[in-house]
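Student: Here it is, the structure in full.
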Amino acid sequence: MDTFKRWLNKPKADDKSLLARFFHADRSLTAVASELDSFDGRAEPDRCTRLVSRLRQNQDKVLAITNLIMEELLGEDRDPRAFRAKFPEEVLQENLAGQLWFGAECLAAGSSIMNRETESKEMRPLAQAVTKSLGNVRVLLRDQCLKNNVPNSKTLHLDLNDSTTEQLYESLKIFDRLFAEFELSYVSAMVQVKSRHEYEMQQWIGVLFSETLQRALKIGLLDQEMVDAFDPGLMFSIPRLAIVAGLVVYAKGPLNMDMPGDQLSEMFRPFRTILIKIRDLLRNLNNQELYQLEKLLCTNEDINTKVPLGSSSIEAPSPEHSAHPTTSSSQNNNNSSNNNHSSSSTTTTTMGTTNTHRTVERLVDQRNNNHNSNSNSSTNPTVEGATLRSPSMLSLSATSTPTASPAPSPTPSHSIDSTSSAATSSTNPPADWSDGDDEDEDDDDIEVDEEDLESSDDDTDEEQLLKDIVAADCASGYLIPNTNLGNLLQPQEVPLTDNFVASEDDEYGTAEQQGHQGLEEEEPSTSAAMLAATRTLQRLRLPSSDTEPLAEPTTIKATEEQMQQPNGRHQESHSHSHRHHQRHHHHHHHRHSHQHRQPHPHRTTRSGRKRCSLEVADPETIQPEREQNLASGDTSAASSLSDDVSLAMRNTTARLKFKSTENLLHRLFVCIAGVADQLQTNFASDLRQILRSVFLMNMSSAQEEIDIPEKTKESELFEFRASENDVIQESAGSNQSIYSAEEVNPELDNVFSAGGGNQATGQRHSAGASMQRNNTIDLASQSGEGSPSGATMSTSRSHVTRSRSLGDQEAASSATSSTAQLRQQEQQQQLQIQLQRQRNNSVGSNTPSSASSTSSSSEQNSPVSARSGSRRRLQSNNETQMPSSATSTSATLSPPAWIPDGKAPRCMACQTPFTAFRRRHHCRNCGGVFCGVCSNASAPLPKYGLTKAVRVCRDCYVREVRSGMGVQGVQRVQSVQASAS
């Protein structure tokens, strides 16, 4: 009996209820599965392939209907699937459920995923549980189809008191949970799924992109219209700009290259090495160079070499400082065999800055391995007893010692603004390094002559040590060329440096800094290394020696006058070598014979880094202080500053490899664009998702609907001014500007009488709102036949309205009917005859009409008088004659005002949105806004005084222009042309 009821309740084929649809889909799936089991697939591969395709389609269909049933029965009790947010877009397809079911059956049968044997073994128990649970759900749903199906019902009608219904409910919950777990495991094994950290890093990348876009909008690199229009070019510009901003502007953000590689976002992890190199080069750019690079990344235009770069830009070294890489090894061998000294004693001129320039130039030669070319450019080589103000000199080579190993990048507050230090060595005025009381003893402090240097040539180890000394060894103080630097003269509590891009307002630097640096650079041929040293050390922050109680804080006491004051004595710089024995793990302090009279001590650290002090101390306290410093350990501040200088050395050395700033910017553009463009290929899904979020966050509010008025109001006319070129070219340098041109508007003619005298007072009337400017001409009309001087005159005022240019009117006007046009033309002809009579009768009289004719004659030079040119020529020619007939004058109407561009974001014909490439075009006949395709027609408009062909839309061309160009239109145009000739 129960079987008979089931047969009677079997769903029909046309039943659209959920249970009926599941019943038929399940039967079809069972039939395909039975057919697959009935033959050997290896014997008939084609048939097997077709059946497998049908099987997967039926599985998709069954699971889709099952999902709908679970949505209705379980509702909020369904297992969450928030993990799908981490899946790539190409994985989230409609047939994902069918693929998962097919994969679960394969794994349950003993198969393994290719190259995923370990994951397959781990997922096999879960796959077996999924297939078993799904089989149980299918059986229970088939039973419900035969018992509780309501034909064509949109909802399920199950018996809640039945045990099978409760069993179905629990089975669906179990299957939903197992299937969700299997989905996450299977997809994670097949494709790379982001972890929680990686997903958060991708969100931070999105924040970086958004901040980059807002910064680009603020400094004018991009336009808001491009964001609102979803300009495709932004898909390339934003990632490029984000790389620059992430490496320099937001150095502690998601593109912080100092963090471990596994903590970087997977999008930029493959490019970590090249990004570090890009970051080092970007830190050598000043603000203007950085702006040029960002503009180049946005527009792909050529670098504008005519625009002067910032004052901190480094030029290529002079040819005398350049070295050929192929000869470096041979030069090193020659230097070691000939025992040539790496740095020689140089007697400089009286100016300390000249000493500095040549010293650093010699260091550049040393970096380029030009040891054979010693700097002998001193002006007085035989001067004896010169004072040595800075006996310590640092090598330029950043790769010769272990101290130049890659160091963590400084924080943004200690970052390097424009260029990094190449070398530090100088001879400065006495106020820098000694007290005023000891100035008389400076000549006897240290005596250096050529014999001292010749004696040192015998020591090969000392020569090697001179090559190995780097600028990073100087930790507590610097010997800085051109110490007349504003930042170094500030107190220690004042920061010496800002962020790389502290603010967009300080984009190009101040003119005072550039002028100050120009005064400092007295020698024209200043080397690039000297500029690098000066500007980098100007940015570096000297660490406070709080951890050293016996060492007073480092200070520099000097004034600007002392910095720029000539020494008066010739100075010599002598290299002071330090010996570093790594094998015995101790340090030997190589001292000069006269070193006890040096005004600054040397301190040796445990790590082998030498530290130079800028302290001004008495000679009696130098020796105990040196001993105390030798006993004290190294501090973290010294190590940090040593890393800063080491990083500065590497950065400047890398920049000096480029021939020019343009070459550096071009190389950076190629590298940055290459990385950003590879993101489009390797991480297309993630990049699209990030850019979509960025666009939605930064787009402006929804624009208002287009409000096109049905009838033009004269108060809504816009004022448009002609360009300067139009005034210059067409006015031919006339003193009468284009704004003096006037045109009569018959639609606004309101004639009214005013009490007269011998002369009517002229008044000017301006009708309209703030966006319109109307010019009026006061006209005097005689009453009767009396003379203009004796008879009473009635002054009539006609409003004269003229648009400021032929192509810039913005409001919409509906075309008037043919009868209204004829009536207006007749009125205008009558008014024209009356005006001409008045002007002929008032020739030579002192009336407003003469002023009117004067203004009209001056208007002939206006470039926009083409509409009423024939009428104005008739007025000037017929100054003493009456026109023969009224038909010889052409009646012109006021052209329609144009719709503003802001109120027309789409074409009014095809509704296509306007973009940066799809421009707006206005129809001269109706004033509407159209694209170039919908307004490609052109025709003359005699009714507006436009005898030449102008742009009109297609509708106006078909409906009005062609229909209106009948016999009257042709005769009107011919008459206008004849009168003009």
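Placement of Cβ uses the backbone N, Cα and C atoms for every residue, glycine included.
Keep in mind it's a predicted model, so treat the numbers as computed, not measured.
What Swiss-Prot records for CYS907, CYS910, CYS931, CYS934 is Zn(2+) 1 binding site, and it gives sequence analysis as the kind of evidence. Annotation comment: Swiss-Prot describes CYS923, CYS926, CYS953, CYS956 as Zn(2+) 2 binding site, evidence class sequence analysis. The compositional bias 'Low complexity' annotation in Swiss-Prot covers 326-356, 369-380, 390-404, 412-433, 630-642, 811-866, 883-896. The feature compositional bias 'Acidic residues' is assigned by Swiss-Prot to 434-462. Marked as compositional bias 'Basic residues' by Swiss-Prot: 576-611. Residues or ranges marked as compositional bias 'Polar residues' in Swiss-Prot: 760-791. What Swiss-Prot records for SER544, SER545, SER805 is phosphoserine. Positions annotated as region 'Disordered' by Swiss-Prot: 308-462, 561-642, 749-897.
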Student: Work out how many Å separate CYS956 (Zn(2+) 2 binding site) and CYS910 (Zn(2+) 1 binding site) at their Cα atoms, rounded off.
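Tutor: Rounded to a whole number, the Cα-Cα distance is 15 Å.
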Student: On the three-state reduction of DSSP, what should I expect for CYS956 (Zn(2+) 2 binding site)?
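Tutor: Once the DSSP labels are grouped into three classes, CYS956 (Zn(2+) 2 binding site) ends up as helix.
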Student: What count of other C-beta atoms do you get within 10 angstroms of the C-beta of CYS956 (Zn(2+) 2 binding site), across all chains shown?
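Tutor: Its Cβ shell of radius 10 Å holds 24 other Cβ atoms.
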Student: DSSP secondary structure for CYS926 (Zn(2+) 2 binding site), reduced to helix/strand/coil, please.
Tutor: coil
Student: Are there any residues in the same chain, six or more apart in sequence, whose C-beta is under 8 angstroms from the C-beta of CYS907 (Zn(2+) 1 binding site), and if so which?
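Tutor: Those within reach of CYS907 (Zn(2+) 1 binding site), by Cβ under 8 Å and sequence separation of 6 or more, are PRO913, PHE914, VAL929, PHE930, CYS931, CYS934.
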Student: Roughly how many Å lie between the Cα atoms of CYS910 (Zn(2+) 1 binding site) and CYS923 (Zn(2+) 2 binding site), rounded to a whole value?
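Tutor: About 14 Å separates the two Cα atoms.
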Student: Three-state secondary structure of CYS934 (Zn(2+) 1 binding site) from DSSP?
Tutor: coil
Student: Select the most exposed residue of CYS910, CYS923, CYS926, CYS931, CYS953, where exposure means the fewest other Cβ atoms within 10 Å, treating these as the binding-site residues.
Tutor: CYS910
Student: When a 10 Å sphere is centred on the Cβ of CYS934 (Zn(2+) 1 binding site), how many other Cβ atoms does it contain?
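Tutor: I get 19 for this one.
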